[in-house]
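Inspection log for the structure reproduced underneath, given as structure tokens.
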Amino acid sequence: MRKYVIMGVQGSGKGTQSALLAADLDLVHISVGDIFRWHVKNHTKLGAQVRRLVAAGELVGDDLVEDVVSDRLQLHDWNYGFIIDGFPRNRRQAEFFLESYDLDGVIHLDLPDDEVRRRVLARRLCSRCGMDYNLIAHRPSTEGRCDVCGGELVTRADDTPEALARRLRDYHTKIDPVVELFRRKEYVMTIDARAGKTTVQQAIRTRLGLPPYAPPHPAESA
Ligand SMILES: [Zn+2]
């Protein structure tokens, strides 16, 4: 049984790295963002609550996140363990988490703010089918057009430099103290997230003492 927390700012590749690790080790990948998106998409009561908060320009509160994570962990479907992404969000939750679950490690993907800005501001979205693009890592074959449906590529409404600066500030204010708390308990493995996804995955596995990563499609590794 392996129990990991993964932390990192938006654009650090948290989702990608969690998915690679989870697939290989049969871990349940618990992504708080994905859970909320699922509720919004499926029009649940929780989804409606999240939609109201977002429409009012507010963030989903820490208590609500905590409830969702507790419910998810109580399903106990994680026979081989879990990797959790998007939690804990404050020191109290981190302390509670350390007491309740025997964590094996905290993977901290470290990405400088200027690189976050470079990556996030390069994101594009197809206005027709919703496919994600990135002008650095995943360019469309025709500029400004979706490869799948030919729709126009647009920037997400919240991917402006101002909104991103605000999110970065919020992240550091809230999450840096959580990383620090874990670091004092010697759980944290800081990984340089500037490299390509295969290199980062390899670095994570080395730090966790796992066998080397074998990418399924070597041609896609960068
Ligand atoms: Zn499209």
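Using N, Cα and C of the backbone, Cβ positions are placed for all residues, glycine too.
Pulled from TrEMBL, these are the features on record:
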type	residues	note
BINDING	GLY11, SER12, GLY13, LYS14, GLY15, THR16, ARG123, ALA195	ATP binding site
BINDING	ARG37, GLU58, LEU59, VAL60, GLY86, PHE87, PRO88, ARG89, GLN93, ARG156, ARG167	AMP binding site
BINDING	CYS126, CYS129, CYS146, CYS149	Zn(2+) binding site
DOMAIN	123-158	domain 'Adenylate kinase active site lid'
REGION	31-60	region 'NMP'
REGION	122-159	region 'LID'
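Mapped onto this structure are the features recorded in TrEMBL.
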residue : record              : DSSP class
SER12   : ATP binding site    : coil
ARG37   : AMP binding site    : helix
LEU59   : AMP binding site    : coil
PRO88   : AMP binding site    : coil
ARG123  : ATP binding site    : strand
CYS129  : Zn(2+) binding site : coil
CYS149  : Zn(2+) binding site : coil
Requested in this report: Filter the candidate list CYS126, CYS129, ALA195 of binding-site residues, keeping only entries whose CB is under 6 Å from an atom of ligand 1.
Outcome: CYS126, CYS129
Requested in this report: Compile a sequence-ordered list of residues in the same chain as ARG123 (ATP binding site), six or more apart from it, whose Cβ lies below 8 A from its Cβ; state 'none' when nothing qualifies.
Outcome: ASP132, TYR133, ASN134, LEU135, THR155, ARG156, ASP159
**Report entry** Top Cα neighbour of CYS129 (Zn(2+) binding site) in the set of binding-site residues LYS14, ARG37, LEU59, GLY86
**Finding:** ARG37
Query raised in the report: DSSP on ARG167 (AMP binding site), three-state: which is it?
Result: helix
Query - Among LEU59, CYS129, CYS146, CYS149, the most crowded of the binding-site residues [Cβ within 10 Å] - result: CYS146
Query raised in the report: Relative to the Cβ of PRO88 (AMP binding site), which residues of the same chain, six or more apart in sequence, are found under 8 Å away?
Result: VAL5, GLU66, ALA94, PHE96, PHE97, VAL178
Query raised in the report: Just how many other Cβ atoms lie inside 10 Å of the Cβ on ALA195 (ATP binding site)?
Result: 14
**Report entry** binding-site residues (THR16, GLN93), the one with most neighbouring Cβ atoms at 10 Å
**Finding:** GLN93
**Report entry** Cα distance (Å, whole number) from CYS146 (Zn(2+) binding site) to THR16 (ATP binding site)
**Finding:** 22
Query - Other residues, Cβ within 8 Å of CYS126, CYS129, CYS146, CYS149 Cβ centroid (Zn(2+) site) - result: SER127, ARG128, GLY130, MET131, ASP147, VAL148, GLY150, GLY151
